[in-house]
Amino acid sequence: MSMSMSMYSISLRIRGRRCCVIGGGRVAERKVEGLLKAGGEVLVISPELTARLREWHARGKIEVRLRPYCEGDLQGAVLVFAATDDPAVNAAVCAEAEQRGIWVNDAADPQRSTFHVPAVLRRGGLQIAVSTSGAGPLLARKIRDELAEQYDEGYEDFVRLLAQLRQRLKELDLDEHIRHASYKRWIADRRRLIDWLKERDMGREPEGELQDLVQELLEQMLAAPLPERTHGASGAEAEQQQEESRR
């Protein structure tokens, strides 16, 4: 696989799906940690494990086979990570994955990988992924850390609030133009709203008080003048507005 080849970025729902990690070292441990956060059912195959992997196994969080990889181990997996210190083993894992049509990541050889794991900044429902297509993981992590300063922890509460507002907008009998304009206004005003949420300490507020905040913003929205609809708007523009409202 050419490093200059364009990659298609997606987010996968792997909850309840088998993910195989071949290897038991620190690299494998990092892969397992990410899979567990996403709810994957993780199988680790390695004759040796880090202390943390042993702990996860003891707590029943992962399945472990304390032996070297054997052909056939990948059956039923949706994702595979080859993370051993033996290039020949990693190559064999990649070959089986390719044969079975399973997405595989070789931690030591991006050229053999059919997918790469980006550096991810998580703020609740907001996830910002940075990838160099395997060429420079350290650079990806550096950029992620720089983004963390711009998109601080306040975005977690803001995204939570935005989800509630979006749902309430759908329930109101409003023109599509008004819903779209309101949504854009809240996003454009996000810094003020984030600061406002911090003052209200929304992270520790019960659900009922969150609904009060949502209602307050909706009342402000309904009382404020909104931009008039542009006559003659193209079908493409209307379609874009509908698509943005679904995100």
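Each residue, glycine too, has its Cβ placed from N, Cα and C.
Annotation source TrEMBL lists domain 'Siroheme synthase central' at 123-150. Under the heading region 'Disordered', TrEMBL lists 224-247.
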The domain 'Siroheme synthase central' (123-150), counted residue by residue under DSSP: helix, strand, coil: 14 helix, 6 strand, 8 coil
Mean predicted confidence [pLDDT] for the domain 'Siroheme synthase central' (123-150): 89
